[in-house]
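Colleague: Quick one: the structure is below, questions incoming.
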Amino acid sequence: MLYAKITGWGKAIPPASISNDEISVVVDTNDEWIAARTGIRARRVSHVSTAELATIASKHAIACAGLEGHDIDLVLLATCTPSTIVANTASLVQKNIGATGAAACDVNAACSGFLYALQNATAQIQAGMIKRAVVVAAERMTWYVNWAKRDSAVLFGDGAGAVVLEASSEPSGLMATKTGCDTEDRDILHISNYGSDQDKYQPVGPSDIQFEGREIFKRAVTGMSIACDDVMQKASLSLDDIDVLIPHQANLRIIQAIQKKLAISDDKVMVNIDQYGNTSAATVAIALCEAVEQGLIKPHANIMSAAFGAGLTWAASYIRWGERTAPIKTCDYSFPPCQKSGLELINDAVQACKSAD
Ligand code: UT7
């Protein structure tokens, strides 16, 4: 039996951030409301493209695996904020990392995208089609934000995370997974004013993240808990077998509700929403990477991950870690210097959103 072992991991965290106090200058909100209702204390704003975020995270993951770009057969980029749609953004990442000749494809399942892409790449490795893949999730969610609306403006951030998968006979990597989509409710979470349904000759105003927060909240908790239960059953795992929970980071209260339903203690749950906000597909990838860096993921750890996003897509995955928790090599490729603060980076968009409001 072939497995798709995770042998490398990396992330790209943009240097510029916006604190809750700073965002209170842009919209009518305050640190107390945001922290209490969401757990978010700051979010990052990228001064580079989605492709560049993905490139940085991928290069770190490839070095961590002790590989070179040309060793990679497949680049899957999970994103709903692609730099370009045609050509796909994954093709630029493929070029940037030197994965000459590798297949390159964007995957859009919104916040569930990383787990969808992980499933896809794992299946290709297990079927013997390819040997090595980079699965990267990169988002510039702040590009979509309508800075005139406080309900969504406070929630989102930018960033990227990546893993390298390699064919292995060792039982590790994605061991069981379940993905799905409750399409009846696709309207309760969507981006308006974007896509080929728009009349491109008429001004439509800024894109806007539209959502029914309370409804999504309920469905996210129920959907992710049921999906986790299903996957644990499929893998014959009990709750005691789970060493680490890596949930999608959309709201601390959603994470705590899932944790309660699954009866998992605080010390086993990876949380970083306070620093980064909701980075859509990238939340799970970044959290996975940081869980290894922080020592939460130990050799042979059993990891449960779950995500929920627009579509309404959902996914739950059981991942078994290998022996190694330290990188084979490191890479010093990083962001170009950023001369602006987070607020300065969004300033033009804020003015445009306010005059369109
Ligand atoms: O992934 C896409 C978006 N993510 C989600 O939708 C995640 C799931 N939902 C949530 O995380 C939560 O529903 C939110 C964080 C989005 C909202 O929290 P909530 O506790 O469900 O608040 P609410 O929408 O019911 O609003 C409560 C009050 C309202 O005021 P009134 O009508 O009670 O006077 C809002 O106008 O909070 C007000 N409010 C704000 N106040 C200060 C909404 N946004 C803000 C804000 N600052 N940023």
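Every residue gets a Cβ built from N, Cα and C, even glycine.
Automatic prediction, not curation, is the source of TrEMBL annotations.
Okay, so TrEMBL annotates it like this:
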- 106-182: domain 'Beta-ketoacyl-[acyl-carrier-protein] synthase III N-terminal' (DOMAIN)
- Cys111: active site (ACT_SITE)
- 232-321: domain 'Beta-ketoacyl-[acyl-carrier-protein] synthase III C-terminal' (DOMAIN)
- His248: active site (ACT_SITE)
- 249-253: region 'ACP-binding' (REGION)
- Asn278: active site (ACT_SITE)
Colleague: Run through the Cβ atoms and count how many others sit within 10 Å of the one on Asn278 (active site).
Modeller: 24
Colleague: Run through the Cβ atoms and count how many others sit within 10 Å of the one on Cys111 (active site).
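Modeller: That number is 32.
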Colleague: Calculate the distance in Å between the alpha carbons (Cα) of Cys111 (active site) and His248 (active site), and round it to a whole number.
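Modeller: Given the Cα positions, Cys111 (active site) is 7 Å from His248 (active site).
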Colleague: Over the domain 'Beta-ketoacyl-[acyl-carrier-protein] synthase III C-terminal' (232-321), work out the mean pLDDT and round it to an integer.
Modeller: 97
Colleague: Between the Cα atoms of Asn278 (active site) and His248 (active site), find the distance and write it as a whole number of Å.
Modeller: 8
Colleague: Could you give the number of helix, strand and coil residues in the region 'ACP-binding' (249-253) as assigned by DSSP?
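Modeller: Breakdown, helix to coil: 2 helix, 0 strand, 3 coil.
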Colleague: Under DSSP, is His248 (active site) helix, strand or coil?
Modeller: coil
Colleague: Is it possible to get the count of other C-beta atoms within 10 angstroms of the C-beta of His248 (active site)?
Modeller: 29
Colleague: Translate the DSSP assignment of Cys111 (active site) into the three-state scheme.
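Modeller: Reduced to three states, the DSSP call for Cys111 (active site) is helix.
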